[in-house]
Amino acid sequence: MVDKEKSKQSRHILELNCCAQCLNSISLAYRRFKNNLSELLDSISLWQKTLKVIGGKFGTSVLSYFNFLRWLLKFNIFSFIVTFSFIIIPQLTVTQENHLQFTGLEFLTGAGYFTNTVMYYGFYTNSTIRHGNSGASYNMQLAYIFTIGGYFRNNFINPHIYSRGIAKLIFCWDFTVTHESAVKLRQKNLSTEVRENLSEIRQENVKLTFNQRFVRFSAHVAAWVVSSGVAITCCFLANHSNPGAVLLLPFVVSCINLVVPRFYSMFRLVERYEMPRHEVYTLLIRNIFLKISIIGILCYYWLKIVALNSEECWETLIGQEIYRLLLMDFVFSLADSFLGEFLRRIIGMRLITSLGLPEFDIARNVLELIYAQTLVWIGTFFCPLLPFIQMITLFIMFYVKNISLMMNFQPPSKAWRASQMMTFFIFLLFFPSFTGVLLKPSADCGPFRGLSSFIESIYSWIDTLKESSSYEWVVWIYQNLIGSVHFFFILTLIVL
């Protein structure tokens, strides 16, 4: 009996060991599959290797700029696919011949031949597209407003999580990395992140003296005065500019965006912030006020003066203005990267060696991206092809900025982390509102011609659905959910 019990126990233990081995094998196979899939996705991800090199050499603060640029590129690719699929392609099926002659200047002015193309709002039809008597109908008004609305709603915030402390030292190494160059790059990334963590831990709050507080307060006042003066200048220029000089306003605005942020950056010499993050956020806030002043004045000019006083298609005119601003900003950004940053390196290395190589100005470069994307954000309603144009400019700017970074800049002298900067940048991006949809559309152009407001197309659609019993559920959803103030109030409470 004892031998039988021992044999049963041994068989039971053997079975448990077999089950444990099977589970361990399955778990190991799953982890390997997960790691291989993660490596595959990383390998096909856009600019993944380049971003690792940037992060290893310059740290996560500079890397956050390039991550933000890549995110904007993906966002505009998605936006272009949506607008091209639901607005541009249907309009191309009923496009009439363009009798204007193409001269090439249209690439600079955005006017001329481009006016009567799918590039601008005024070219789109306000009728329901139908091919044949039995073909399905396509309401261009609803397609236009729902597509643009879906574009605005598309907000992908994907905050990056950075591990800290001793876990970064012990548990972060990837033992599947065996190639020598990959190992060195991984070591460099790890050492940079650890250096950033230690630098942030060591930095403590320092009590400011009266002189330091006075200097920083004076710098804030000076920045506010400059931003106000820029706004007044843009307002005067917009109201008194020569209609023939269509590139004058974009040129002046781009000059302001090039010079004033550098003037703000000089304040760091007297303010002397202890933490680089505080310095960057201060510059961000000052540049935000500058950009808001410029964009606010331009929006007021477009929506209150051009829209109300123009006898032409004011939506197309605004689209052309935004196209010129975006194009001029891109030209100035290229010139600044190729000439300005290169000359600064030559001066620091050969003429005034005490200056040395400059550090990458994160605040200024990020605000340039946000400014350009804000123009696209505002102008997509008036120029549906702006996401495609921005997609091309961002693709070019990534390589230009990467080359300039490696040639003309040095790593930050003070290491610091940027774990929340990605989400902060995206939050700043979605700041502008769209008051243009509240105005009366042009009477002779665009998909909303003849309506008292853009939103009236939805009201007309709902009234049409009420006549059909099969669409009563759509009407109920609109009346009780979408059109209900109480529903949005409860939804806001739940979200908050």
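Note: Cβ is positioned from N, Cα and C throughout, glycine not excepted.
Residues or ranges marked as transmembrane segment in TrEMBL: 71-92 (among others).
The transmembrane segment annotation in TrEMBL covers 104-123 (among others).
Sequence-remote contacts of a segment are chain residues at least 6 beyond its ends whose Cβ falls under 8 Å from one of its Cβ atoms, and for the transmembrane segment (217-239) they are 248-249, 252-253, 256, 260, 263-264, 267, 270-271, 286, 289-290, 293-294, 296-298, 300-301, 305. The transmembrane segment feature in TrEMBL is assigned to 217-239 (among others).
Remote same-chain partners of the transmembrane segment (245-264), defined as residues 6 or more beyond its termini with a Cβ less than 8 Å from a stretch Cβ, comprise 108-109, 111, 223, 226-227, 230, 233-234, 237-238, 283, 286-287, 290-291, 294, 298, 320-321, 324-325, 327-329, 331-332, 336, 340, 361, 363-364, 367-368, 371. TrEMBL lists 245-264 (among others) with the feature transmembrane segment.
Residues 220, 223-224, 226-228, 230-231, 234-235, 238-239, 253, 256-257, 260-261, 264, 314, 318, 321, 325, 363-364, 366-367, 370-371, 374-375, 378, 428, 431-432, 435-436, 439 of the same chain lie 6 or more positions beyond the ends of the transmembrane segment (284-303) yet place their CB under 8 Å from a CB of it. TrEMBL lists 284-303 (among others) with the feature transmembrane segment.
TrEMBL lists 313-419 with the feature domain 'TMC'.
Using a Cβ-Cβ cut-off under 8 Å and counting only residues 6 or more beyond its ends in the same chain, the transmembrane segment (375-400) has close neighbours at 47, 66, 69-70, 72-73, 76-77, 79-80, 83-84, 87-88, 118-121, 148, 151-152, 295, 299, 315-316, 318-320, 322-323, 325-327, 329-330, 333-334, 337-338, 429-430, 432, 434, 436-437. Per TrEMBL, transmembrane segment is recorded for 375-400 (among others).
The annotation transmembrane segment is assigned in TrEMBL to 421-439 (among others).
For 473-495 (among others), the entry in TrEMBL reads transmembrane segment.
Counting residue by residue with DSSP, the domain 'TMC' (313-419) contains 79 helix, 2 strand, 26 coil. Counting residues 6+ beyond its ends, the transmembrane segment (104-123) has Cβ neighbours under 8 Å at 87-88, 91-92, 95, 98, 246-247, 313, 315-316, 319-320, 323-324, 327, 381-385, 442, 445-447 in the same chain.
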